[in-house]
Amino acid sequence: MQGIWTTERIRAAEDRLLAVTPDGELMRRAAFGLSVHAAEMLAEHTGSVSGRRVTLLVGSGNNGGDALWAGAFLRRRNVAVSAILLKSERAHAQGLAALKRSGGKVVSVEDGPQWIGRADLVIDGIVGISARGPLRADAAALWEHVSSPVLAVDLPSGVDPDTGAVDGPAVVADRTVTFGALKPVHALAPASCGEVALVDIGLRPELGDPDLQRLDTADVAAAWPVPGPGDDKYSQGVVGVAAGSATYPGAAVLAAGAAVRATSGLVRYAGHAADVVRGRWPETIATGSVTDAGRVQAWVVGPGIGTGHEGRDVLRFVLGRGVPVCADADATTIIAHSPDVLDARDPDTPLVLTPHAGEYERLMGSPPGADRVAAARSAARKYDAVVLLKGHCTVVAAPDGRALVNTPQGSWLATAGSGDVLSGLVGALLAAGLDPWLAAGAAAHVHSLAGSMAADGAPTSASGILDAVPDAIRAIRSHPL
Ligand SMILES: NC(=O)C1=CN([C@@H]2O[C@H](COP(=O)(O)OP(=O)(O)OC[C@H]3O[C@@H](n4cnc5c(N)ncnc54)[C@H](O)[C@@H]3O)[C@@H](O)[C@H]2O)[C@H](O)CC1
Ligand SMILES: [K+]
């Protein structure tokens with residue numbers, strides 16, 4: 001797993017490291033790594049490095065210092081470097097001196113637009129982990145002239161470093177080079193960061209346990225259940241799917257299908273769409289009601305069951321079975337409106353809730369807000385459940401405080417029925433015995449990869465995502481560990 005630390009933790013660790021490192025050494029390490037990426041981008045986008053033009057947008061703190069020192073290093077490769085100082089009187093003195101010594105130019109903010117216009121690469125050294133809010137007016141005015149590739153120093157300026165929220169003018173980078181450790185913005189704002197590269201400046205020993213995690217492919221590959229010689233259809237875990245209705249069988253077909261495709265375990269379907277599900281997935285054991293569905297190791301409940309009495313009875317029954325439950329869609333709404341259904345749940349049995357923002361608001365009485373990690377953690381505590389908060393980036397929080405972020409590949413999942421597929425994947429992994437927090441994270445990871453594979457650059461559908469699940473699992477399992 002990739003550790004992610006908040007800016008407060010990063011700053012504390014940097015202070016500890018600065019205390020035992022020669023003055024300026026950390027910054028030069030960061031800046032040298034930054035200059036290597038800048039040269040790589042110049043070569044990538046223009047075919048050469050020497051003679052190319054780089055413009056630095058320089059803020060008043062150490063983020064600007066990184067950019068100035070990187071400019072000095074680029075000068076050694078005969079790159080023409082010009083620096084626009086947003087607050088010339090507060091620019092990082094040593095960095096500015098280093099740039100001038102190397103032959104770099106300092107240009108006025110007024111002349112900035114023309115130096116930006118002719119740049120082969122713009123380096124965003126406006127603000128880093130001290131950022132508060134969107135770009136200020138002077139920086140925003142310059143940003144409007146940028147049309148070249150952009151390299152962000154530490155993080156794209158104007159994006160909240162700890163939540164990834166963008167609520168005003170902000171840099172959109174092709175690549176972000178960060179130092180020491182990932183910050184939440186790098187997982188929560190992929191569209192703003194572009195490709196994220198991490199430069200080691202020796203910070204890791206000072207950091208301690210991360211505040212957040214991001215599953216990497218190796219984690220998902222290791223977690224995903226695969227049958228062994230001693231397995232049979234039961235040993236992989238039997239998952240029950242209580243979804244859909246005679247009027248709306250689609251959710252049942254999608255959720256049951258996802259469970260069928262996720263693992264080799266047996267899938268039992270229970271509900272009024274039994275004939276349709278059986279017809280589409282003959283390998284399932286489909287019955288008309290949860291009460292005669294037989295034994296399972298986990299339940300998926302909610303998609304298309306309706307929020308009336310019958311839906312409530314189905315949910316109450318499932319919650320009372322003493323096995324992990326993934327409650328999605330209508331089940332989330334029922335829990336929000338009739339929390340007494342949770343009385344049926346044995347407190348020790350894991351519950352996974354998978355709300356989108358609207359369902360979250362029903363559960364919690366207010367929308368998730370800018371800090372979606374804090375929001376997911378708050379719901380996890382309130383319901384003593386793993387909460388998978390859907391969004392462009394999915395956040396999964398556990399009642400014990402663990403939280404992970406799944407950085408999606410595109411926005412292809414925003415299509416009807418996509419959530420039904422996700423809930424089937426979660427249920428299958430719960431039935432296989434995975435830790436519920438890991439099961440939700442791994443399911444979100446595969447769901448997101450299946451979405452981008454199914455889309456392959458064009459809009460897709462829940463059925464397309466479902467069909468791509470096996471290829472997504474193959475891709476993850478074939479990834480070099
Ligand atoms: N500590 C080190 O030696 C290392 C630091 N690194 C780099 O340092 C920055 C953090 O630098 P800091 O001096 O704390 O502040 P910033 O440069 O992030 O901010 C400067 C300044 O910007 C103003 N500001 C705040 N919000 C905005 C905004 N939205 N728009 C414009 N300007 C804004 C405010 O006045 C701030 O004080 C860190 O990110 C690294 O790049 C290296 O990591 C290596 C070692
Ligand atoms: K920046």
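The backbone N, Cα and C atoms fix where each Cβ goes, glycine too.
If you check TrEMBL, you get these features:
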- 62-66, 128-134, Asp154, Ala251, Gly304, His356, Asp420: (6S)-NADPHX binding site (BINDING)
- Asn63, Asp124, Ser157: K(+) binding site (BINDING)
- Lys390, Gly391, His392, Cys393, Thr394, Gly419: AMP binding site (BINDING)
- 6-209: domain 'YjeF N-terminal' (DOMAIN)
- 216-476: domain 'YjeF C-terminal' (DOMAIN)
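When the binding-site residues Ile129, Arg132, Lys390, Cys393, Thr394, Gly419 are screened for a Cα within 10 A of the Cα of Asn63 (K(+) binding site), the ones that qualify are Ile129. With Thr394 (AMP binding site) as the anchor, the candidate binding-site residues are Gly65, Ile129, Asp154, Ser157, His356, and the one with the nearest CA is His356.
Long-range Cβ neighbours of Gly419 (AMP binding site) (same chain, at least 6 residues apart, Cβ-Cβ under 8 Å): Pro303, Asp328, Ala329, Thr354, His356, Lys390. Screening the binding-site residues Asn63, Gly65, Asp124, Arg132, Ser157 for a C-beta under 6 A from any atom of ligand 2 leaves Asn63, Asp124, Ser157. With respect to ligand 1, the binding-site residues Asn62, Asn63, Asp124, Arg132, Asp154, His392 contribute Asn62, Asn63, Arg132, Asp154 as residues with a C-beta closer than 6 angstroms to one of its atoms, given in sequence order. Residue density at Lys390 (AMP binding site): 25 other Cβ atoms are found within 10 A of its Cβ, drawing on all protein chains shown. Pairwise Cα distances among Lys390, Gly391, His392, Cys393, Thr394, Gly419, the recorded AMP-binding residues, top out at 14 Å.
The CA atom of Asp124 (K(+) binding site) is located 16 Å away from the CA atom of Arg132 ((6S)-NADPHX binding site). Looking only at the binding-site residues Asn62, Asn63, Ser157, Thr394, the densest Cβ neighbourhood within 10 Å occurs at Ser157. Distance between Cα atoms for Ile129 ((6S)-NADPHX binding site) and Ser157 (K(+) binding site): 9 Å, as a whole number. According to DSSP, Cys393 (AMP binding site) is assigned to coil rather than to any helix or strand.
Between Asp154 ((6S)-NADPHX binding site) and Cys393 (AMP binding site), the C-alpha separation comes to 20 Å.
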